[in-house]
């Protein structure tokens, strides 16, 4: 893992990223009461402000979590999140898509807390048919606890892309042609949880949770799944008879344009601190096939 000094960038690069991020405008709508259920936490999860904000809290007794009422099979999903401020060491705020069953699919954002003043680590992973081990980790170019920022998942038959404030940070392509399983048949719900993982979350478990700082709270707002395909009764809202079929077909075939590809490379060069595709010690028999294919593409 890179030293925290890699988190520092020149003012010019910071300016470029602020300009890129500020140019992203997303239209949000909806009411969180309609979209989500608080599923655990004994009152530590709350929907407030007339359904406009959802909060999850963690104390020494318990964390909390929620899930979406709808299931989705492909689409683009946005959520604005403000992470636990201050000394958040030992805590994990997880936000992800997941299907049911023993051979599940899953697309993960996990935000690993840290000591005050140190950057959060954005831990990402992708599971297909119950197999993960595809971790990539990043720092972000802002303080994710000072304000809300938009975390997005694009999932279609071609690829999965994870975005922060409209900037792609990770792409996982469909390499079924190489024998790599790809999430395509199992609808997934949105889940989020705030929980204690001080056995591994911060510096490999060296820094423990300071319970005197509890309760720890993360906040959510402006959920948008207008471009997602809702799965219901065995069929998708993006079917051919749906009024949104034209926009859906564009979404389901969407790829990264050249500008987005350059932004993705820029993030991975400057902010990526772990990539399973370069961890030869972890895979002594050879890197996974999607890693070799990506390096060649």
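The backbone N, Cα and C atoms fix where each Cβ goes, glycine too.
Annotated signal peptide per TrEMBL: 1-29, in sequence order. TrEMBL lists 26-220 with the feature domain 'GH16'. The active site, nucleophile annotation in TrEMBL covers 106. For 110, the entry in TrEMBL reads active site, proton donor. Per TrEMBL, N-linked glycosylation site is recorded for 114.
Here the features listed in TrEMBL are painted onto the structure.
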| residue | record | CB count, 10 Å |
| --- | --- | --- |
| 106 | active site, nucleophile | 18 |
| 110 | active site, proton donor | 19 |
| 114 | N-linked glycosylation site | 21 |
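For the domain 'GH16' (26-220), the model's pLDDT averages out at 95. Across the structure, residue 114 (N-linked glycosylation site) and residue 106 (active site, nucleophile) are spaced 25 Å apart at their Cα atoms.
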